[in-house]
Structure formats: C-alpha cells, structure tokens
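Student: Can you keep this structure in mind? I'll have questions shortly.
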Amino acid sequence: MSTVIQPGRTPGTTTPAKSAAASGTRLAVRRFLRHRLAVVGLGVVVFFVLFCFAGPLVYSTDQTHTLLHQVNLAPSGTHWLGTDAVGHDELGRLMYGGKVSLIVGLAAGVLATVIGTLWGAAAGYAGGWIDAVMMRVVDAGIAIPALFILLVVSAITTPDLGGLVLILGFVSWLVPSRLVRAETLTLKNRDYILTLRAIGGTHARAITRHILPNSVSTIAVAATFQIADAILLVAYVSYLGLGVQPPATDWGGMLSVGLTAAYSGYWWLILPPGLAIILVVWAFNAIGDGLRDAFDVRGRG
Amino acid sequence: MTADQSPAAPAAGPILRLDDLGVVFTTQSGEVPAVSGVSLSVDPGETLALVGESGSGKSTVALAAMGLLAGNARATGSATVAGTEVIGAGETALAGLRGRTVSMVFQEPATALDPLTRVGKQIAEVLRNHRDISAKDAAAQAVELLRRVGIPEPDKRASAYPFQLSGGQRQRVVIAMAIANEPALLIADEPTTALDVTVQAEILDLLRRLAAETGTGVLLVTHNMGVVADFADRVAVMYHGEIVETGPVEDVLLRPSHEYTRRLLAAVPRLSVAGEDVPETAPAAASSAPAQAEPVVELDDVSVVFGRGRGAVRALDGVSLTVRHGETLGLVGESGSGKSTASRVALGLIRPTQGTVSLFGTDLARTRSRARRALRSGIGVVLQDPVASLDARMTVGECVAEPLRVHRRALSARDRQKRVAAVLDRVRLPRDVARRAPRELSGGQRQRVSLARALVLEPRLLVADEPTSALDVSVQEAVLDVISELQAELGFACLFVSHDLAVVQHFAQRVVVMRAGRVEEQGDTGTTLLRPETDYTRRLLAAVPVPDPVVQRSRRAERLTTLAAGRTEATA
C-alpha cells in the first residue's frame, strides 16, 4: 500500500520501462533458487529423467529375454546393480521401470490438476447451488479412498499404460479442485473482475483471462504434489501386482518382486527401486515448496 | 486506581521526546531510509498531531516511539518516554513501559481486538498485565472503563464479543484498553480513519475529554487536516521522512510557512458551510448541464434484498434516482447506507429484487444477455481500491485494452495500441507506462490507469465508486481534475459514489444522500449541502471537520449544543 507522493501534477516515470515484466520473472526465479531444497529437488528430477530416458542409450541392457544363467547375481563389474530373478540387469531395469513410473506419474498428475482446476474454477465462479452440488461431489469422492477405487478397477480389468493414467487422473483431481475453488472465491470479487463484468465482459473471459492466470501459483504447486502422489500411487498398485503387467514394469513392481527375495539377502533388488521412489517423490514435493515461495512475490504486486 | 502503581512520570518536562530520530529499513533492494532527523516533544496534557501523506514516515515515528518497529528496521538517535530511553532498550524494559506509561490506539478497531475474547476480559487482561489485582477487581474496573469511554450499559456490554459491537463501539473499547493503566502518553495512529464522520466526531470528542481529564499527552498520527484542526494543539508536518514544519495548530493550518504544507492544505477539499462567505453555487459546471437532459441511467423504486428468510437484509428500499447526460450525480452516505449497492444495481451487477433499472433508455431486465453486454459497452467503471482494480498479471497496456478486446474484437493490434496510447495521453500518463506492470505504479497512477480503461470505449456513463478515497489529498485532487476535464471534453454522465461530503460538494452538480438503504434527500449540491432539509444530512454535515481550527472550534460547539438539545428533547 505504498502510495508515493507526487509533488508535480503529472508524475514522471523514473524506472526504465523495459525491464518491468522481466524483473518480475527474474525475481521469482531468484526466490526459487534461494530455496536450496527446491534446487536440489529439481536436480534430482532432472537426473532421473536423464537416467531413465537417456540412460539406456549409454548403458543398454536386455530387458525382454529371460536369462537363467545369470539369475540373482550380486553387483559386480558387469552388472553394476546385479541381476534379478529372471536374469535382467537391475540397473537397466531401474531405467526401464522408471520410464513407466515417470510417464504415468507426470501424465496422471497433470491430468488430475487439469480436471481439478476446471472443476474448482467452475464451482467457485458459479457459486450458489451449483457450487454446493459440485463440491458435495468432491466431498463424496474424497470420502472414498483413491487406492480402493484403483484396486476395484484393477480387479475388474487390467489397464494398460493409458488406462492407468486415466484412472489415476480421475481418482486424484479432488484435492486440486478444492484448492482452485478457494482461490477462485477470493479472486472473483476482485475489483478488476467486477469492472470487466460491469462493462459487459463474458464469464469465460473472466475465468480464462483473470482467474486462472492469477491462480497459476496454486495450480503449479498443486500439480507438483499431484505428480508426487501419482508416482506413489502407481508404485502402490504395481506393488500389489495390479499395475503394469510383466515383462513391462515400474519401480513399484520391481520393489514387489524384490521383496519376495528379501530373506535371501538380495538387497540390490529392494534398495534401488525403493530409494528411487522416495527420492523422486521427495524431489517433486520440494519443487512444489520452492514454487510456492517463488510465486508469492508475483501475486502480491 | 491504586496510587502506588501510578506510572512513574517525571513531574516536569515533555512526556515524549524524540531527538534526531532516524529509521532505516533493510529490504531486498537495499537500505531504505524511512525517517531521518526527526525531533519533537509532547508535553503532558498536550496533543501533537503528526501529519503527512502516505509514505511520509509518520507511522514509523509512532512505532519507533513505542519500540514496536519491525525486525528489519534500525533506529538511530534518541526517543525517550517519561525519561526512559526506548531505542536500544531490552524487551523486558519495553514491556514494562507499553500499556502502562505509553499505549497505542490503532486504525482498524476490527483487527485490534481478539474476536474470540469478550471485551471486558480483554480490558481486564491489560489491567492485570501491569498490576497485581484480583480477576474480580479487574473485571469491575473494566466495566468502569467501558462506562468512561461512553459505552451504554457497560456491565452488559463487558460480556459482548467484538463482533457484537459497531465499529465506533469497538474503537471505544480499544481506547478503554489504551487508557486502562492511565498512561502518561497515548499514541493514536489514524484512530478515526476507518470510521464514518459522525462516529469520528464522537471518538474525537471522547479522546479530547480523556486527555483533558487525565492530563495525558497525545501523539496523533493522521492524514486528515480536519481531524488535526479539531483536536490538536500543535502540529508537525512530515514529508519524505523529515519534519518540515512544526508549530501551534492555528499557525500551521492558517499561516503555513513551508511550501509543502501550503500545497498540502491547498489540495484538501474544503466543505463549504452555510454562514461562511462562500460562492452560492460551488461546482462551476452546474449551469452547463441542462436540467432536463435525457436520463442515462434511471433507478425506479428499486429494492434489493440479500439472503432470504429471517436472515434477509434489505440493502436498498425503494430507491429512485436518475443520472442525466453530461451531469455528475454525487451519491453520499455513511458505510452501510447502500450507496455502493445502488451503484452496482445501476451497473447491472446486482439484480434488483423489486423495481426497474433502465440504462440508456432500455430496461435492463428485459434485455437478453448479448444485447445487455452490448449496452454495457457504454459504461466505464472506476472502483475504490487502486491495487485490486488492476490485474497484477497484466501489463498496464493490456489492462487498458481489455474493454477493446471485449467490445471491438475486429480491431487490429496496431489500432488497439493506438487507442491505448491516446487514452493514456488523455489521463496524462506517459505512453510508456503501457508496458509496465501495475505494481510499479503509485496509487494515483493506478487510479488513472483505471480511468483510462473506463474511458477507452468513450462511454456515455462513468460510474466511480469512491475513486479517490484510498489516495492522498494531493493525488486525489489531480485525479478528480482529470475526471472533470475529460467530462467537459467527452460529455459523459457520472455517477460518483463517495463518503466524503467535501469532495462531492466540489465535484458533483446534484447529490443524493442515502441512509440505511433509503434516499434521505436529493437536490442540487449547492442547496442540499448548504441548506439541508433533513436532520440526518444536517448532522452528517456538522460532523465533517473542516481544516480550519477557528471555524472548526465553533462548529464543534454548535454541533454539541444541537446534539444536547436533541437529547433533552428525546428524554422529555
């Protein structure tokens, strides 16, 4: 609320005009970079993306054939992380499974955020009984555990990759919708939206041009948490044997397979996928925290 | 009050003395000096007003005197309260001082009180913080304090929660807390800014009475020159963190010596009062608006009810008003009088429960959505809050161009830019602000951007809802000048909503006074505000403090006798 006193009738412009828009972004970036954990988290995510998608080009392994002559080998020079029960190289498998985990996690997280954002913005903007009905639907959805729905669906059909993304997206959009609705409620009574409505602007314009851009911080933060959640959910279902089916796998599936051999002391089948899940989920959460701090300055103005 | 516990004020000398006080804030963009070289003193029983515009550092001085500066502030120089040095003092020493020797009244009574604690208990807590008395005695004293600050039925009100009290009563409770331990110094930071004028007058009366009764020194921080004239003995004018002029209130307000004080006083809109030597018709443009020009917007017997059932609130009750082509209609009233609701009904943002609204001769209720939107291209809107009025994520140019994007979709980007540049010229902003973000502009500049956006479609009606009440007086004057000049040039009608009678008197040709959702009276500004017909308008006008201590003193006396007469009449 700093109203600088203007001695003259027409206040001149003192700061250079061009740097205006850029400085806001730069400030946000600086805020993000100051958040150490978020930077580390970003590093971890970049590392795993490179590891899973570029890694196989450098370190190519056979992940389709069963090689019974090299089953359950301990880590060595030829197999850095050893091999599993059917002779697949564990390091290569980590890349192979990670691809599925990351793709499904990212896609499902983004899908959930998109659905949640649209639903929440519509409910909050419409208000009244429409809002009440839409949010009771969300309440009902939250009352049923997502994992339960996932298990029921997986028991009925065996979803492929796309199916998994759809299911995960449709069970986890509820939390972002609540966040975006809350944001919309505060934004829709801002003076600039009232002004737009008074001069005859449409509802669609108010939502797409003002409410959504101004909630982008909430949306982005929610998205990172959704991605982390989705990666974890894929791991759950796969661990229970209901996710992607062999020979394809993901980190949760690898963990499940490895745990059957836990008493044999094959630690290299458990630790790597377990650590990968923990690291990536933590990294996305840290990025979310960093984004929240970074966006804070932009929003205030 | 027990004698041995009374504050240890020295027998003579000022109760507050600031000597070469400087405050520097450390922020992301480096060191920002807020206050420098401030020296002043307040004697017991004296009221010193610290005036200045926003950003002048007056609140910072008040906080420094309490030792309440934020963590990123660094104070230099000296500030002594009753002989105790505040700057550099430890937290325990300060805690012993605060609430007992010096206490503070803040601007916003709604946030100064704990919403979940009964007011009597909150006052008792202040008492028990500094004195060793039983809970029962403290409660009894709290009731006594409520009686002193003029709360009716204090024994019952002591068990009320803050939300059950009106804004004025809440501020009385805050004052009761501030005087609970009979402080030697009271610091009041804009104590009446959040209140209506009639309530403001009562609170000022109360503060004046308390200061006189107990010999408390008062440091009054305000931007309102009328309040200064009404209350202060001496005045210190602040500008850019420094005191530019100090002196007795008559000297500073009537014979200012510093250039800045002169400019500041010249910018304050003065309420012309009957009996004063004033020109008969205040707004010059009054004659230029033909009395029977075509109505631009017309509210006919409009009622608005919010909610339903027992919780329903009747915000407007049978309101009829007309704004004609080329004229400015001032809509005044206290908070809750329904003036903003009326303006929103005129804009079509609120559907009337009853009655009709016609815009440009078309009944709004009978138009379909597309036609109604087209009709609305003839409206421009400027709202109160300079921060919330512009989308922080757009550039100024995008904000101004928005109406063009809504109503002139065929316009090419080049033409749009041309129109934006032209309208920025009109509101006297440099063209290159179009590429800047709203947050880089000052409040006055932002309101001019809002005005540019309102005018870019060359509307036939401008609705301005308190467009300048968040601005400093000098900026307010500039913004109002731009509006009236453009009105003369473009000939739009203007519905001007304001709580500031002085501004309306200068700016509007006709005025509608609202009270509790009804139209109390309406007519030409010259006659209605100089010779009001209803008691309410008369009371409202009498409560407005004028920035002339001599005139204000006689106005106050007059108002108090009228009120007293009214009271005896009521009891008789």
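Each Cβ is built from the backbone N, Cα and C atoms, and glycine gets one as well.
I grabbed these lines from TrEMBL:
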TRANSMEM  A:37-59  transmembrane segment
DOMAIN    A:98-288  domain 'ABC transmembrane type-1'
TRANSMEM  A:100-125  transmembrane segment
TRANSMEM  A:137-156  transmembrane segment
TRANSMEM  A:162-180  transmembrane segment
TRANSMEM  A:219-245  transmembrane segment
TRANSMEM  A:265-284  transmembrane segment
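Just tell me what is around each of these and how deep it sits.
Tutor: Sequence-remote contacts of a segment are chain residues at least 6 beyond its ends whose Cβ falls under 8 Å from one of its Cβ atoms, and for the transmembrane segment (A:37-59) they are 91-92, 94-96, 98-99, 102, 276, 279-280, 282-287, 289-291, 293.
Counting same-chain residues at least six beyond the ends of the transmembrane segment (A:100-125), those with a Cβ under 8 angstroms from any Cβ of the stretch are 48-49, 52, 131, 134-135, 138, 161, 164-166, 168-170, 172-185, 188, 203, 206-207, 211-212, 215, 219, 222-224, 226-231, 233-235, 244, 248-252, 276-277, 280.
Long-range contacts of the transmembrane segment (A:162-180) within the same chain: residues 104, 107-109, 111-117, 119-121, 123-124, 135, 138, 141-142, 146, 149-150, 153, 215, 218-219, 222-223, 225-226, 229-230, 233-234, 237, 243-244, each at least 6 residues beyond the stretch ends and with a Cβ under 8 Å from a Cβ of the stretch.
Sequence-distant contacts of the transmembrane segment (A:265-284) (same chain, six or more residues past either end, CB-CB distance under 8 Å): 40-45, 48, 72, 74-75, 81-82, 84-85, 90-91, 94, 97-98, 101-102, 105, 224-225, 227-228, 231-232, 235, 251-252, 254-255, 257-259.
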Student: In terms of Cβ proximity under 8 Å, which residues at least six beyond the ends of the transmembrane segment (A:219-245) contact it?
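Tutor: For the transmembrane segment (A:219-245), the sequence-distant neighbours (Cβ-Cβ under 8 Å, at least 6 residues beyond its ends) are 100-102, 104-106, 108-110, 112-113, 116-117, 146-147, 150-151, 154-155, 158, 160-161, 164, 168-169, 172, 175-176, 179-180, 212, 251-253, 255-256, 277, 280-282, 284-285, 287-288, 291-292, 295.
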